[in-house]
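Chemist: Take a look at this one; I'll ask things after.
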Amino acid sequence: MLEINEFNAIRISLASPEDILSWSHGEVTKPETINYRTLRPERDGLFCEKIFGPTRDWECYCGKYKRVRYKGIVCDKCGVEVTRSKVRRDRMGHIKLASPVSHIWFVKGTPSRLGLLLDISPRNLERVLYFASYIITDVDDLALGNVREQMKTDFGVRRKDLEEKIIEQRGEKATRLSKDLAAMDNAMEGTLERTHEQFARQRQEIEDEANALREHLEELIGIDALADEDIVYRGTVLLEENEPVRERSLEQLEQLIDQEREKLEQRREYEIENVRLLADGERDQRQSVADAEQERLTTALIKQLEDLNKEEKDKLDRLDDIQLHRIISENEYRILRDLAPYTFKADMGAGAVRDIVSMVDLDELSNQMQAEVQSSSGQRRKKATKRLRVVEAFRKSGNRPEWMIMTVLPVIPPDLRPMVQLDGGRFATSDLNDLYRRVINRNNRLKRLMELNAPEIIVRNEKRMLQEAVDALIDNGRRGRPVSGKGKHRLKSLSDMLKGKQGRFRQNLLGKRVDYSGRSVIVVGPTLQLHQCGLPKKMALELFKPFVMRRLVDKGFAHNIKSAKRFVERVRPEVWDVLEEVIKDYLVLLNRAPSLHRLSIQAFEAKLIEGSAIQLHPLVCAAFNADFDGDQMAVHVPLSRKAQEEARRRMISTYNLLSPATGDPIITPSQDIVLGCFYLTQVRPGAKGGGKRFGSIDEALLAYTNGVVHIQAPVWIVIEDYILPGSDLREKELPSLDGVTPRVLIETSVGRIIFNNALRYQGEPKAGENGYRSPLHYRNFLVGKSGLKALIADCYRFHSQRENIIADVYQELIERFGPETSEESLLRFYASERTARLADRIKALGFKHATLGGMTFSASDVEVPDTKDAIVQETYKKVQDIEKMQRRGLITDDERYREVVTAWLDATNQIKVEVQRSLNPFGPVSMMSTSGARGNVEQIRQMAGMRGLTTDPTGRIIELPITANFREGLSVIEYFISTHGGRKGLADTALRTADAGYLTRRLVDVAQDVIVTIEDCGTTEGMWIRVSRDILASVEDRIVGRVTVAPVTNPVTGEVIFDTDSEILEDDGKHIANVLKSLDKEAQAEFGIYVRSVLTCNADYGICRKCYGRNLATGKMVEIGEAVGIIAAQSIGEPGTQLTLRTFHTGGVATDTDITQGLPRVQEIFEARIPKGKAVLAQIAGRVQIVREEEGIRRLRIVSEEVYTDEQMLPKDYRVVVKNGDAVEIGNLLAESNVDGDGRAPLVAGLAGNVYVDDDRLVIQAKDIEEHEEVIAHAARLRVKDGDLVQVGQQMTEGSSDPQEMLQLRGREAVQEYLTNEAQKVYRSQGVGINDKHIEVIVRQMLRRVRIEEPGDTELLPGELVELHELNRINASIVSQGGDPALAVPVLLGITKASLSTDSFLSAASFQETTRVLTEAAVNGKIDYLRGLKENVVIGKLIPAGTGMEQRRKLAEEAALRVAQITSTPADREVPAATPAPAVMSEPKPAPPRSFDEALNAVTNIDSGNGPKDDLFAQAMARLQAEEGRKPTLSELLGTDEDEENV
């Protein structure tokens, strides 16, 4: 087993398969858990005894070996080792995966580490891992080149063939066309010939017919005959029947024949033309068809060539796609496989990715990325930087990238994922078992399928399912739908076991349930002393049972523990006496949840009481924030002697009187006690016995006892004591009787005498004795709550000063606490005890006189003032007038609303004044309110005056007031309105309490490693504290408890008030306040005190004492080891919750402020968010111009004007060549010599600008004007006027500044001051006082990192966040080697971001985003040096804080020195001096350790076996081993047990 005190750092990294196998005790091959009949684990299953160890101590599975004597034997029958069953909590198993599986954290994380390393997008990577896409894992470049060349050749051949084919086709077409055209010509010729022949025949017919008719006519002419019938020629009648034939008829005939011939000729020509036209048309058609065919062939050729070229290009492009790590779809894979077989390998799933990752050369990749970071810009540079960060993480950590892919899956021990039997016989099991079962089932099925050579698609699907099963086991729900169990509840994976409030970190490591604890309701214990609590007997008996049993055996009441247990269980009378004895030695711790600050757990001496409730001292209620309305508290018993000692010295209530947040007393009396003391110190004129005179205090008390004088009657008494300033009655000094003790005749009351007597303690020196003056001298004034608080504070402060303690008393303290206890601790113990006794006396006095005074009140004591109705009626009239004005249009509705609200607020205030005036000052109501015991004027106003205005749920004031009060009773509408505010209070309480708790948690996380580690960091820087109107606290309050950096002098007299390195005490603060009063306003504003601050502390880890100053809880300088970060976080967070709850108590009645604004503002400040209502800041320094444009747009323009001048003297005999006011450029001629041959150079302009001639000088003036313009919102209220001069970063509009913008404009110091002041504004406005230093601690943590801009010669990366001190260390080392340092800019981180970016991965992982933090830490191989508190609590070590830290440091250094001395002595003591020493001793002596850390490392690593062989501790061990034949123990090297006990 690893001993937790033997290491001081812890490293996290990726586990290799070999590591996982080395952890494992066997392979889990079956999904079975336990046998349903025998209820014993199944062999090789998830609970296998052979792998994980026996379920019963010292017994193997089969029962062959039983008892401890067989320890270590492995049973030959069942294979189970005989050992303790608790090994089942740490023995691991493993599952050998049939196929590699990716770890989901490194795939789905942001950013994806695997994706960045391979330069694959997370989406594509996921597709590969889940078998949706292929990734090319190997490429044969030679084969691919051959395929490419072959492809080009093939396409060349195809192209040539295609071209030849087209040429051939075109030739064929041309030949066919020429043949067709020749045939057409021949056909046309034939047609023409036939036409000619036809027309020749027709002509012949005409001629023949004409000749025949001519002859016939000639015959008829010859005989003068008449036509025997109509003579017709071709349809035309030449002669009708019986008409004589003459010559004219022949002429007519000839004419007709000519006409016929002409017609025939025309027809012939027409026919020939037609034939020709038809032939030409057909020819043209054939030609165009042929041309179109040729065109089509040409187009087809071009298209085919284009297609061929495209196909070639596509195929070549596809070949180009065959690149290593290319993601391709299944379809693309098939195409490429067909295209270029045997040239590449592609695969899918985690196995493919593992092959690729294992081949990555990290060194080469790192060089590439660094070159890209330096050469690129913008997004490319950003991406390269991200990749470089991951690559460098793997290089430096020694992790191998392929370990992100698992081949072996570890199985966690079975007792961490138990299976338990329930009452009904059913079993409840951890969800992890179901998740493991799914993995094993799928893994076994995959193995079987692979053995059977199943089809690829089935195997692939099974691999994907295995991947999903492992994903669900590691982080269920990170990808896809979460795996659900029975009842649809999401199964809890390993990641779920770690993260969140119920996770391992927060549930089991940072907070554990403890034994020896109990819980009960609390009741008040008015008779208890401050250090006591009442513990019920039954509870105490149970808590201290083992101790009582032991004591019973010791005393002989029982013979053994068993009988003693029976004795206790029967509750015999002797048990109570023994319990009383036992309990005397023990303190118990009381805790009230929620534990908001360290005073929520305090130690008390237990006082046995009857009953079942714990009794609590009334004065510690404020620290616990407890009341007695049913609150419960837990009791814990510190067991060890050291725990008891710590409880007695550190945690007992007596030593926790002051609040760590403010330094004010936290055990202030309240309620009944305040009322009793107030009643006691009140003087009532006219009371019985008023005006009587007494010679001494005893006389007056006697008179009171005999009823002669009322306790509040004003009487004259002679007292021998100092009277403190502030007396409210008359007094007269009398001569001292002994010349030392003062005597005064004062007007006072018997009550005040009783009160002042209670303040004195037995053995206190007399007033004036040896100059003794204490703040507990006679108080002759009214004492209320604030008076009692001041009294306790004064008492503590007075008794914590060494000069105020009598020598004998101081000597007693030394004897009691031991001479090793520091003076500061002694003073703290003494002051605390004295103050605690005083508080107890005041408590008793207050309770007694509150009871004797009989203070109570009834409804009749609450008197309604007579003027109330008149005020209300007058306000109603005012409101009517306002509404009339609005109806007339004189005012807007918003103005009407504001006026009405103002009128009612005024009325409420008037009535409040009247209520106060009508109250009887000696009445119980007035006394309770005035004294601060209970209630305030506002509540009395609601009871006796009027409730006033209330708010609605949005926070807006309802303008209808509640004019009634509780004495009179509310009407229905008034009651309804008042419920609005009341409900808002309750809702706020519920919502904001969670917010305040979460804020506290974040604050604790960010500041948990701020511990006081050194005395002085040696810084010369600090912060100025000046008078400021913005800061509500006074300079006096802000400087007390701080240490000066520089001397402080009085500006008037010049005297040095403080030297450097002086602690400023309360009296010094008052002195400064007096100095400030003596100065005028200007001098006050200039006067400042330069003090140390945690903001400027130079300590490498934690902070130094001087920068922190006073520990407010003790009133002394902080001790080394104090966890001031936690105190700061608690101090800020605790009042946040208080403020949250406070809205509820005012009943929702309208007040000016509400924490609803306050708490979100605090979160805004500490998270460094852009605030709501962001103010405009001046980006440059200059003069403001307010530009108002049309449409109401306002612009703020800042004009920065710089004037540069260049002045040149004009020598004699020089002529100016420029005019006055001319614009000139650099190098322009201004003047030259007018003497011929003069060798003097001309004057030229050295500056571009306007030139001015001034007698014997030439002046050039240049203006550099810079402008910046902002558009201002309509609603924004300006803080600047036109023409104002503003500085960079100055706020120009009302609102809150953006701290990030302020950091850029004004730098680190301005932001520190702004954040501190803004946080304080919120708290102080709510009446909560927190010391500045607590806020400064948080702000320091927010600003402790810087962002690298230029890495120089360092190994840092651009954009990396590093701690400022770490950067300074790295730069100093680089500069000393002659390199260039890194350049960085300050960064302001919100508390959440700052917590997560801490150096400790344990702290960050236990805060938020557990899986992301652990992923990053594992990849980087981060080392956690366990410097903070959380990380040490997580691993169970002592935290590096507390009073023992310094002693442990010294002890370690002494041990290192002792070992160094051992190693420096000769190896063989008997060797004479003359004999040369062995070779080993001739080496130089080891140097003693230089630092505490080095010494501690040495001490804690003595037996680890990890250090080098010549290490000084290794030598020491070797020497002791050689001398004594054994290894030295740790205590021998560290010192004796007694030394350790003294620590």
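Every residue gets a Cβ built from N, Cα and C, even glycine.
Swiss-Prot feature annotations, pasted as is:
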type	residues	note
BINDING	C60, C62, C75, C78	Zn(2+) 1 binding site
BINDING	D627, D629, D631	Mg(2+) binding site
BINDING	C1017, C1097, C1104, C1107	Zn(2+) 2 binding site
REGION	1466-1490	region 'Disordered'
REGION	1522-1543	region 'Disordered'
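Tell me about the setting of these features in this model.
Modeler: For C62 (Zn(2+) 1 binding site), the same-chain residues lying six or more positions away in sequence with a CB closer than 8 A to its CB are C75, K77, C78, V80.
The Cβ of D627 (Mg(2+) binding site) lies under 8 Å from the Cβ of C621, each of these being in the same chain and 6 or more residues away along the sequence.
Taken residue by residue with DSSP, C1104 (Zn(2+) 2 binding site) is part of a strand. Counting only same-chain residues at least 6 apart in sequence, those with a Cβ under 8 Å from the Cβ of C1104 (Zn(2+) 2 binding site) are V1012, T1013, I1014, E1015, D1016, C1017, C1097, N1098.
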Chemist: Across all the protein chains here, work out how many other Cβ atoms are within 10 Å of the Cβ of C78 (Zn(2+) 1 binding site).
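Modeler: Its Cβ has 16 other Cβ atoms within 10 Å.
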Chemist: For the recorded Zn(2+) 1 site, whose residues are C60, C62, C75, C78, find every other residue on that chain with a C-beta no more than 8 angstroms from the centre of their C-beta atoms, and list them by sequence position.
Modeler: E49, Y61, G63, K64, Y65, K77, G79, V80
Chemist: How many Å separate the Cα atoms of D631 (Mg(2+) binding site) and C1107 (Zn(2+) 2 binding site)?
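Modeler: Pair distance, Cα basis, whole Å: 40 Å.
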Chemist: Counting across all protein chains shown, how many other Cβ atoms sit within 10 Å of the Cβ of C60 (Zn(2+) 1 binding site)?
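Modeler: Neighbour count, Cβ to Cβ under the 10 Å cut-off: 24.
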Chemist: Count the other Cβ atoms sitting within 10 Å of the Cβ of D629 (Mg(2+) binding site), across every protein chain shown.
Modeler: 5
Chemist: Which number gives the other C-beta atoms within 10 angstroms of the C-beta of C1097 (Zn(2+) 2 binding site), all protein chains shown included?
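Modeler: A 10 Å sphere around the Cβ of C1097 (Zn(2+) 2 binding site) contains 25 other Cβ atoms.
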Chemist: Show, in sequence order, which residues other than C1017, C1097, C1104, C1107 on the same chain lie with their Cβ within 8 Å of the centre of the Cβ atoms of the Zn(2+) 2 site.
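Modeler: Neighbours within 8 Å of the Cβ centroid, excluding C1017, C1097, C1104, C1107: I1014, D1016, T1019, R1092, V1094, T1096, N1098, A1099, I1103, R1105, K1106, Y1108.
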Chemist: Sequence gap of 6 or more, C-beta under 8 Å: which same-chain residues meet both conditions with respect to C1107 (Zn(2+) 2 binding site)?
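Modeler: Those within reach of C1107 (Zn(2+) 2 binding site), by Cβ under 8 Å and sequence separation of 6 or more, are C1017, T1019, V1043, R1092, S1093, V1094, T1096, C1097, A1099.
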Chemist: When you average the Cβ positions of D627, D629, D631 for the Mg(2+) site, which other residues in that chain have a Cβ within 8 Å of that mean position?
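Modeler: Once D627, D629, D631 are set aside, the remaining close residues are I522, A626, F628, G630.
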Chemist: For D631 (Mg(2+) binding site), what is the secondary structure by DSSP, using just helix, strand and coil?
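Modeler: Coil, per DSSP.
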Chemist: Within 10 Å of the Cβ of C75 (Zn(2+) 1 binding site), how many other Cβ atoms can you find? Include all protein chains, please.
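Modeler: Around C75 (Zn(2+) 1 binding site), other Cβ atoms within 10 Å: 20.
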Chemist: Provide the three-state secondary structure of C60 (Zn(2+) 1 binding site) computed with DSSP.
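Modeler: Note: C60 (Zn(2+) 1 binding site) is coil by DSSP, not helix or strand.
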